[in-house]
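One structure below.
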Amino acid sequence: MGRAVMVGRGPTGARVLVLSVLIVLTAEGCRGQKGDGCGPSVLGPSSGTLSSLGYPRTSPNNAVCEWEITVPRGKRIQFRFALLDIQDSDCQVNYIRLYDGIGPERTEIVKYCSLGQNVDELVESSGNQVTVQFMSGMHRTGRGFYLSYSTTEHSDLITCLDKGSDFPEAEFSKYCPAGCLTSTEEISGTVPNGYRE
């Protein structure tokens with residue numbers, strides 16, 4: 001098992017510095033994120049976590065974020081949703097969309113917009129680059145989303161919200177992604193590659 005890294009509850013300035021270093025270290029091979037609707041995210045080269053701004057509270061109105069994720073050539077990316085709670089009054093402006101590729105040549109994999117939607121299946125890319133786009137128009141409810149990703153060789157990927165009691169049988173190991181957000185809003189996980197638990 002790799003080394004666990006946790007950002008603690010030190011002085012605010014020190015915590016921001018450590019978090020910034022953590023994100024810079026884990027973003028190697030990734031293009032990063034852009035927009036004003038980005039929540040705590042760790043974009044590792046083989047796994048990571050993404051969330052909307054304000055998670056687990058209601059996501060802000062009129063926000064947008066795009067994450068561009070790249071894993072090594074020859075690999076594909078899979079996503080597992082822990083939470084998907086996007087007000088669906090207007091699927092044109094309230095949604096999360098996953099694309100194969102980065103830039104103008106990207107193609108849509110899937111688009112979701114629904115309150116309390118349960119997405120059990122893994123969503124897979126066809127290549128080693130994915131754009132995740134979150135849009136939030138005017139809404140009154142909806143906590144946004146929280147998801148994990150990894151390369152596809154980790155078919156036992158779990159989300160940061162999964163617990164041992166969530167599985168019906170004893171499991172010897174599960175793949176935990178890098179960058180889980182704990183209940184005290186700290187980021188933990190082995191950087192940069194995730195770990196088995």
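In case you wondered, yes, glycine gets a Cβ from its N, Cα and C as well.
Source: prediction; values computed, not measured.
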Message: Need the cross-check against TrEMBL: the disulphide partner of C38, picked from C30, C65.
response: C65
Query: Among the disulfide-bonded residues C38, C65, whose Cβ has the fewest other Cβ atoms within 10 Å?
result: C38
